[in-house]
Amino acid sequence: MSVTSSPAGPGRRPRGAGQGWAGPAFVAGYTILLVAFGVLPIGYAVYFAFTDAGGTFTGFANFVGTAQDFRFLDAVGHVAVYLLFWLVSLVVFVVALALLLHRLASGPVSRTLRFLYYIPGALAGAASVLVWLFMLDPTVSPVRSLLSGMGFDTFGQVIAPGNLAVLFTIIAFWTGAGGWIVVMYGALNNIPQDVLEAARIDGAGAWKTAWHVQIPMLRKWIVYMVILAFAGGVQLFVEPQLLSLASVGVAGRDYSLNQLTYDFAFQMNNINGAAAVSVELLVVSASVAGFFVARSGFFDAD
Amino acid sequence: MTKRRSVLLAACAATMAMTVAACGGSAPEKTTKDGFAQAAQTDGTVTVWVDATRVAAAKQYQELHPEAKLDIVTYDGDANGSNYLQTKVQLFNRTGKGWPDVVFSSQNNEVTWAVDAGFAAPLDKGLIPAATLGGFAKGANDVCTVNGTVHCLRNDLSQAVLWYNAPLMKQFGYTVPKTWEEYQKLGEKVAAEHPGYLVGDAGDSFSPEIYLWASKCGANHITGPKSVEVNTTGENCTKMANLMDGLIKNKSMSISGVFSTEFAKNEADKVLLMPGPAWFGGAVFKDTLKTASKTIAVAPIPQWQGETSPATGNVGGGTWLLSQHSTNLKAATDFLTWVTTDNAYQGEKSPGFPAYAPAAENWLKAQGTAGYFVGDLGALKEGSSQVWPGWGSGQFSQEAIWAATVKPGLTQGQTIASLLPAWQDAIVKHAQSFGYKVNS
């Protein structure tokens, strides 16, 4: 349900005669699908958020009611901590690994690494979480000695409430970061060779080139990644939900806001409250996206 | 801006109205009969939702009734409180179609929402004869009864008993404890004389229902459709918590959970005693732990010394629900009656202790003939009418609350006794969030 816009801006060439139809035609299919499966459901959710089960307008009652639920603030805290871990690790490691990959460019090592980075991203979300459930259970884990070296002898110790934000970050990084590394690598390849060569002639080493040339030129891609990762992270659901099922409830089924939304809707029969929380998530994601887009000059033409 | 927003809202509302109308179609005529408004009846296919274990029951019915048009759908049976059925029914309620005719659920609290959602049909207003309903064990259908009306039929009972390894007990020279005091002493003895062997397991989300319920701990007294009494710090609770803490400390009681990989791998052959529900015999010992035949015997659950009335807990036990929306109530009711009462399934094939008393008699005989257990299973029959009525089935999940509140603390070395106030607090909050009035 992310509402970020495509990074593809309008073409650089001024639109000539006869090209007037091409742009709209290209985006028509996308626009129709966006309206059908994005805008209309959002409108539906907004309608639900401001009404009760009988369809009567209730103002902000659903927002107030759900915010007063005893699990709400805990869930906000959990998601906030997770987002901090996830976004920081994503930006730092994805950029670092992409730069490393770029340094090793054009050898067989690079191709192998690109393939390896990409594999986890090719697994469906739920499947990769299941792989992790297997990895995290010391009884069956292939990295059992590593876990027991860290003092974990049982699955219960691994999934202790204090460890969850780190665990979800590791799982999300493993499943999501590979694709971004490949994207960043592509973006690095787009930096003209003469720019890098100029830097080298000026005496810049690998570190200085990365810090003063490559990373600034990756800025828009990093912003794009942060916006999408933030929108995805706010909606944390699959990881805690599966972990909760696997641990028979120890991990809690109300860890994240999205899980709480699910509980409101399908356990407590409060679809309107669920819609209210969903709308809050949408507003937060859209605001953050707007902030980053405005501050980064995301849509500025080069 | 405000105007634009209201136009947007109106547009959304109109879209929604059209969507609902399109999905729902025109409302068919309904006739009030058997205590509810029934859909127009046809002789169409009966859709039956069952969990993997109950597929055999539905297939057996189909074999015995080749003329019945049955569509058997497997789902998770709401195991571990997945709420799959509730989720789907709410969606079906919105779209106006899709409901299954008969559903098996492994959860005892299914009717607490299914009646409100207009899904579960009343069964004692004409659909199921009073004589059939009267055949169920005393209290078996309490979990199915809302405001005096029966809305589901119990599949099996899950009274807790004391399972034990008979040859090992004999080898160690121990006698089966009759009281919790004897049980505690035995646990201490086992820890000293045979370290590694277990007298119980407290690692499951349903552990409170095995131990604390049997101790008459007042954690979950449902006093009305939306009211509950919660007191987890009374003496009945603390003395059992202390007993468990002592045995957990000396490691004669595990905190792994009988279905965990750790338990299956490290402790499967270390079970000397194990308080647990009726279904432990088949589901845990025979199928999960692969305990050899002629090893496991069953005794009544211990009682505190001086207790006048025996009490045991009730750990699950499935229920069968019939949909109010069924368009073939005759066939659906026939299946429901067969699957809950007929000897062909309940009396002979059912993995759990049948809730229907005549089938239970047959089941006990069949278990004796099968020869897996040592001695008779009379303790199960005794226990079936000794479930302490001070615990009920509320809409909130006691298992989920225990799992999220007490179990992490236990894993980190905290005692159950020290976690009782936190447990109470969590129960109260969850109950209130479901609209329960809580007395504590």
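Just so you know, glycine gets a Cβ as well, placed from its N, Cα and C.
Under the heading domain 'ABC transmembrane type-1', TrEMBL lists A:76-292. Annotation comment: TrEMBL describes A:21-50, A:79-101, A:113-135, A:155-183, A:221-238, A:271-294 as transmembrane segment.
Under 8 Å from some Cβ of the transmembrane segment (A:155-183) lie the Cβ atoms of residues 78, 81-82, 85-86, 89-90, 93-94, 97-98, 101, 114, 116-121, 123, 125, 128-129, 132, 136-139, 147, 221, 225, 229, 232-233, 236, 239-240, 243, 247, 250-252, 255, all in the same chain and six or more residues away from its ends. Beyond its flanks by at least six residues, the transmembrane segment (A:271-294) meets 1-5, 42, 45-49, 51-53, 58, 62-63, 65-66, 69, 72, 223, 226-227, 230-231, 234-235, 257-258, 260-262, 264-265 of its own chain at Cβ-Cβ distances under 8 Å.
Sequence-distant contacts of the transmembrane segment (A:79-101) (same chain, at least 6 residues past either end, Cβ-Cβ under 8 Å): 110, 113-114, 117, 165-166, 168-169, 172-173, 176-177, 180-181, 184-185, 187-188, 210, 214-215, 218, 222, 225-226, 229-230, 233-234, 236, 256-257.
Through the fold, the transmembrane segment (A:221-238) approaches residues 1-4, 7, 79, 82-83, 86-87, 90-91, 94-95, 125-126, 129, 168, 172, 176, 180, 183-184, 187, 215, 255-259, 262, 281, 284-285, 288-289, 292-293, 296, 298 of its own chain, all at least 6 residues removed from its boundaries and within a Cβ separation under 8 Å.
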